[in-house]
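Here is the structure we will look at, set down as structure tokens.
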Amino acid sequence: MDSFLRLLIHGASGRMGQSLLRLASEDPSFQVTAAVVGNAPHRHVSDGVPFFAAAELAAVPAFDVAIDFSLPQGFSSLLALCVARAVPLVSGTTGLDSRQHEALVMAGARIPLVWGSNFSVGMAALVNLVERAGDALSGWDCDIVESHHVHKQDAPSGSALTLGEAVACKGIAPRYTSLRAGDIVGDHLVQFTGLGERIELVHRATNRDVFARGALCVARRVVGRVPGCYRVRDLIM
């Protein structure tokens, strides 16, 4: 039996994909057997890693787990491939539509699947703290302010929506503010405001590697699980 997990990285040309490739190459528990990019002219090998264009997805070699940080338009094909090959999928692709989220739930009946808007340990802890604050602060206002780099397209961010769900389930309706500026990796502020007082809970990511390390940790732990839709915090904390 191999001592490493065979890894497919989907969205390998993006910021997260590049971090994943670098960190996985430094981790002996992983071997990247395929990297999929949307704009590759044809399959090729770079630094020992086979690269495939998105159109060649069906031709990728066997893998034990896939990590996906791509765009919504490429997500459905990867999900179908993982289901067809009965392989776990870890995805951080945001901006999915309602039909794609429904497909995620259906796929969870057949494979172990993790979808998350944020794979850092700190964000997982923040979601837990926000849930606890929501229990204690009924009737308070809640505002969620997220800041990201100018190239991020979706707003509010997936992480902000996850935080909003954590308070909404406590009966508090959150309000969102999105900022796009410079090269901000990711800042999230959750503010609870009452009469004469307020509480602020903040998470700031200063390096994209925190998300890549978290995704690799989750990928390692989801292999061998029974089919189901798992939360990041189920596996990372």
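Easy rule for this one: first residue shown is 1, then count along the chain.
Note: Cβ is positioned from N, Cα and C throughout, glycine not excepted.
The NAD(+) binding site annotation in Swiss-Prot covers GLY11, ALA12, SER13, GLY14, ARG15, MET16, GLY92, THR93, THR94, GLY116, SER117, ASN118, PHE119, and the record cites sequence analysis as its basis. Using a 10 Å radius centred on the Cβ of SER117 (NAD(+) binding site) and all shown protein chains, the other Cβ atoms total 20.
For HIS148, the entry in Swiss-Prot reads active site, proton donor/acceptor, with the evidence type sequence analysis. In three-state terms derived from DSSP, HIS148 (active site, proton donor/acceptor) belongs to an extended strand segment. Sequence-distant contacts of HIS148 (active site, proton donor/acceptor), defined as residues of its own chain at least six apart whose C-beta falls under 8 angstroms from its C-beta, comprise SER157, SER178, LEU179, ARG180, ILE184, VAL185, GLY186, ASP187.
GLY158 ((S)-2,3,4,5-tetrahydrodipicolinate binding site) falls within a helix when secondary structure is assigned with DSSP. The feature (S)-2,3,4,5-tetrahydrodipicolinate binding site is assigned by Swiss-Prot to HIS149, GLY158, SER159, with sequence analysis given as support.
Under a cutoff of 8 A between CB atoms, and with a sequence separation of 6+ in the same chain, the neighbours of LYS152 (active site, proton donor) are ARG180. Annotation comment: Swiss-Prot describes LYS152 as active site, proton donor, evidence class sequence analysis.
Fewest Cβ neighbours within 10 Å among the binding-site residues GLY11, GLY92, GLY158: that distinction goes to GLY158. Ranking the binding-site residues SER13, THR94, SER159 by how many other Cβ atoms lie within 10 angstroms of each Cβ puts SER13 at the bottom.
For ARG15 (NAD(+) binding site) paired with HIS149 ((S)-2,3,4,5-tetrahydrodipicolinate binding site), the C-alpha to C-alpha distance reads 12 Å. For the binding-site residues GLY11, SER13, THR94, SER117, a Cα to Cα distance of within 10 angstroms from SER159 ((S)-2,3,4,5-tetrahydrodipicolinate binding site) holds for THR94, SER117.
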